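Annotated features, as they stand in TrEMBL:
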type     : residues : note
DOMAIN   : 24-466   : domain 'Major facilitator superfamily (MFS) profile'
TRANSMEM : 86-108   : transmembrane segment
TRANSMEM : 114-138  : transmembrane segment
TRANSMEM : 183-203  : transmembrane segment
TRANSMEM : 209-230  : transmembrane segment
TRANSMEM : 282-303  : transmembrane segment
TRANSMEM : 323-340  : transmembrane segment
TRANSMEM : 347-364  : transmembrane segment
TRANSMEM : 376-401  : transmembrane segment
TRANSMEM : 413-435  : transmembrane segment
TRANSMEM : 447-465  : transmembrane segment
Amino acid sequence: MPFSLLPPCVVLSPSRYRAFTFSLTFLLYTSFHLSRKPISIVKSELHKNCSALNELSTASSNQLPNLHTAAECSWKPFDKSNYKQLLGAMDYSFLCAYAVGMFLSGIIGERLPIRLYLTFGMLMSGLFTCLFGLGYIYSIHSLGFYIFVQVANGLVQTTGWPSVVTCIGNWFGKGRRGLIMGIWNSHTSVGNILGSLIAGYWVSSNWGLSFIVPGLIIAAMGIICFLFLIEREYCYVIGWTKLLLPQDNSSVSVPVQQVVVVKSESEPSAISFMGALRIPGVIEFSLCLLFAKLVSYTFLFWLPLYITKTAHLDAKKAGDLSTLFDVGGIVGGILAGVISDKLGKRATTCAVMLLLAAPILYGFSMISEFGLGPTIGMLLVCGGLVNGPYALITTAVAADLGTHKSLKGNARALSTVTAIIDGTGSVGAAIGPLLAGVLSSQGWDQVFYMLMAADFLALLVGADAC
C-alpha cells in the first residue's frame, strides 16, 4: 500500500483507540450537520415580513422617505409570492442529490480508504457551504447558482455517514451497541444546535457568514480527519512479544511499544448492492426510515420558519428556540438505544416511539398557539419521539444488519448496508421539505397532517420487521 494511504501511527491502548475513534467520529459528523443547518435559519432572512418596517416608515413619512418595500427587504429571487416553493426547491435539490449519491457512496466507500474518502468529502462540503455564503458577499441573485451549490453539496456530503458508521462499527462489537451508538448519534442534534447558534449569530447582520463560518469548520475538521483517523480495517495493535533468552533457552513475555501495522493478508471482497438487499431486515428498515426521516428532516429545514411565522419571532430567536427540538432528539436517541439493548428488540422500540409520536405531532400543531411555555415542552417531547427511531435505525440497526450472521463474518458489508438504509431514508428526507413548501401555502395544519400520515406509514412498515 502506498505510504500516503497508510493510517497515522498513534501509540494507544486498544481501549483508548476505541475512545479516540468514538470522540473523533463524533466531532467529524457533528461538523456535517453543523454545515447543513444554516439554510433553515437563513430562510426567514431570505424572505422577510416587511410590514412592520413599512408601517414604521409610513408613520414617519413626514420626516423620512419610505425606504423599505417588500422587495427591498427580501433577497432576490426569494422576494416573490412563491418564495415558499423556491425555498422548498432548494431543500429538495440538496436532499435529492444526497439521496441519489448515498446509494453510490456506500459502494464506493467499501472500496476506498475511509480516511481519504471522508477527508475529500469534508473539504468539498466546506467549499460548497462557503460558496452559498459568498452569494451574499458578491450579491448573487441567481436561483440557478443556489440550486447548483445545494446539489453539489448534497452529493459530497454523502461521503460522511457510511464512513463514520463503518469506522465506529469496526471498533465496537454488539455488546451495548444501542447505548453506545445512541450516545454517539447525538452528534446529529449537537451539530444542529451548534449550526443554529452559529448561523443565528450572523443571520440578521450578514447571513453570508452564517454559511462561511460552518464551511470553514467542516473543512478544518476534514484536515483533522486526514491527520488522525484510525481505521480498524487496516490496523491492529501489538502489545506483547516473546523474547528467547540465550542462556537457558527459556522465554519470557515482555511488553513492547504498541505500534500500528498494516495488514498484509487478503481481505474478503465487498458485498454487492443486491447482496446487501437480501440481508433479512434491510428492506423493511429502509422503508421505515424513509417515512421517519421525512418527518425529522421536515422539522430540520422548516421548524425555524414555522416558529417565525406562528410565534412572530425574529430569525435569531426562532433559530435558538428550534434547538430545543434537537435537545429532545439527543435524549430520545439515547433512550431508544438503552431500551432496545434491554429488550433486545430494536424494531419493537421503534414501533412504540412512532406510535406515541403521531398524537404528539398533532398536539404540537395545536399547543404552539398557546404561548412560549407549552411550545418549549412540546418541542422537547416531539424531538425525542421523532428522532429516537430515526437515530436507532441509522446506527444500531444498520450496524446489526451490516454484521448479520448471514454474512459469515464478512465485515465489508457495513458501509453498503448503511448507505442503502440511509439512502432510502434520504428519499423521504427530500420529499418531506418539498411537500412542506407546497402545503404550507395552504396553511401549516396541512403540513402537520402530512407528518402524521408519514409517521403512521413508518409504523406500518416497521411492524413487518418486528
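Don't overthink the numbers, they just go from 1 along the chain as shown.
Placed from the backbone N, Cα and C atoms, the Cβ positions cover glycine too.
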Under 8 Å between C-beta atoms and at least six residues away from its ends: which parts of the chain pack against the transmembrane segment (183-203)?
22, 25-27, 29-38, 40-42, 44-45, 168, 209-211, 213-214, 217, 300, 304, 315-316, 319-320, 322-323, 326-327, 329-330, 333-334, 337, 383, 387, 391, 394-395
At a threshold of under 8 Å on Cβ distances, which of 86-108, 347-364, 376-401, 413-435, 447-465 pairs most often with the transmembrane segment (323-340)?
376-401
Near the transmembrane segment (209-230), which residues from the same chain, at least 6 beyond its ends, have a CB less than 8 A from one of its CBs?
7-8, 10, 17, 20-21, 24-25, 27-28, 31-32, 34-35, 37-38, 41-42, 114-116, 118-123, 125-134, 167, 195, 198-203, 260
Do the transmembrane segment (347-364) and the transmembrane segment (413-435) share at least 3 Cβ pairs closer than 8 Å, excluding pairs fewer than 6 residues apart in sequence?
no
Across the domain 'Major facilitator superfamily (MFS) profile' (24-466), what does the mean pLDDT come to, as a whole number?
82
